[in-house]
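S.K.: Let me give you the structure first, and then I'll get to my questions.
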Amino acid sequence: MGPKPLGINEMPWLKIFRSVSLALAILALVGTIVGVLIAGKPAAGGFLTGLALVYLSFAVGIMVVIPAEKKSMKAAAAALAAMYPFKIMVFTGLLVFAPIPQDFRNGWLLTGAVLALVAQLVIETKIISKQRILYFDSVG
């Protein structure tokens, strides 16, 4: 009959966090090695900086949704929606004002960020799409 539908407090956020963390650690290692071999330290630094910004944004979102979901799925969705513009402002501010070395601000930064985001979204989609999720809250 398949897996039991998920209810409140049952979304696989920790599984998503572990899976994305592992994938991005591997991506960081591979991207750094490739960057150093192709274009030296600035490429590796740029790649890691872009990847780190995406990972921090992802981790903040997970840290916000887990406590919110304990209240209800509606609260979790609201927390994620409210967090999105905040993360955009904070991470845009980091890109503009953080003391990122100028030689790290290159195409490798964008490459690291894009690859990290794609990996994150693919993993999240794959894990969540395998769940049977109730589309309403029984509480709240």
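Keep in mind that glycine also has a Cβ here, set from the backbone N, Cα and C atoms.
Owing to the predicted nature of the structure, the values given are computational and were not obtained by experimental measurement.
I grabbed these lines from TrEMBL:
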TRANSMEM  20-40  transmembrane segment
TRANSMEM  46-66  transmembrane segment
TRANSMEM  78-100  transmembrane segment
TRANSMEM  106-123  transmembrane segment
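Help me see these features in their spatial surroundings.
M.R.: Same-chain neighbours of the transmembrane segment (20-40): 46-48, 51, 54-55, 58, 108, 111-112, 115-116, 119-120, 123-124, counting only residues six or more beyond its ends whose CB sits under 8 Å from a CB of the stretch.
Note on the transmembrane segment (46-66): residues 11, 13-14, 16-17, 20-21, 24, 27-28, 31-32, 34-35, 76, 79-80, 83, 87, 91, 94-95, 100, 103-117, 120 of its chain, located 6 or more positions outside it, place their CB under 8 angstroms from a CB of the stretch.
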